[in-house]
Amino acid sequence: MSVPMGYSRRQIGLHWLVALILVPQFFLHDDIKAAWRAIRKGLDYNHTTWVTFHVYAGIVILALMLWRLSIRVMRGVPRPPEEESAMMKMVATGTHWLLYLLLILLPITGLMSWFGGIGSAAEIHEAMKLPLFALVGLHILGALYQQFVLRTNILARMKRAG
Ligand code: HEM
Ligand code: HEM
């Protein structure tokens, strides 16, 4: 498979769309947590907008990540910038793959707990919160380090299709 010179418009669009949906998913989860606790105790739960949002936005993220993964496998991604050390290239690529993994496993375990009533799936779902947070943080710091310290202009790769 030939290596593309840059990300396609579709890859860039999907990158920013997932990032956007992920923010409320990540920070506004109190209602779904409360709903889940109530369900486990056999009580009625408060069906707020954020409960519905969490479930459907999670399903949308799963669909978008699978679509994105298929594009990544079929089309590929550009090589990392030459200025990066071998170690940085490895960390960046590893981070990208782990983000795919978590953003596919999170909704699957969410679905298993919410629709399947599987308590252990909810525990795994919850346990993936911190690793996801750490990886997204590392990813953003890495991008900013490249942009402003190494001056590779990496952000342009996620702005303009190539
Ligand atoms: C918040 C959720 C985010 C997730 C889940 C995420 C995920 C990813 C993934 C998986 C890739 C690999 C390319 C691909 O397969 O599409 C990537 C590339 C990239 N991301 Fe993000 N990203 C996020 C946010 C951000 C933010 C806020 C920035 C800017 C500060 C950013 C900048 C970049 C850049 C510049 C690349 C290209 C890196 C390269 O080609 O080496 N991302 N991102
Ligand atoms: C990428 C998609 C998703 C992300 C990033 C995500 C993230 C989170 C986070 C951060 C929490 C709070 C964990 C805690 O602090 O205890 C949570 C809780 C929960 N989520 Fe998700 N979620 C996603 C998709 C889904 C989906 C699709 C469903 C159901 C269809 C779901 C169902 C739940 C449930 C039931 C809880 C409560 C679990 C508990 O408190 O033990 N999630 N989610």
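Cβ from N, Cα, C; glycine included.
Note: TrEMBL annotation is automatic and uncurated.
Feature annotation from TrEMBL assigns domain 'Cytochrome b561 bacterial/Ni-hydrogenase' to 7-159.
The feature transmembrane segment is assigned by TrEMBL to 12-28 (among others). Listed by sequence, the residues of this chain that lie at least six past the ends of the transmembrane segment (12-28) yet keep a Cβ under 8 A from its Cβ atoms are 50, 53-54, 57-58, 60-61, 64-65, 67-68, 71, 103, 129, 132-133, 136, 158-161.
Per TrEMBL, transmembrane segment is recorded for 48-69 (among others).
The feature transmembrane segment is assigned by TrEMBL to 97-118 (among others). For the transmembrane segment (97-118), the list of distant contacts is 18, 22, 36, 39, 54-55, 58-59, 61-62, 65-66, 68-69, 72, 124-125, 128, 131-132, 135-136, 139: same-chain residues at least six beyond its ends, Cβ to Cβ under 8 Å.
Annotation comment: TrEMBL describes 130-150 (among others) as transmembrane segment. Long-range Cβ contacts of the transmembrane segment (130-150) within its own chain (Cβ-Cβ under 8 Å, at least 6 residues beyond either end) map to 22, 26, 81, 83-84, 88, 91-92, 95-96, 98-99, 102-103, 106.
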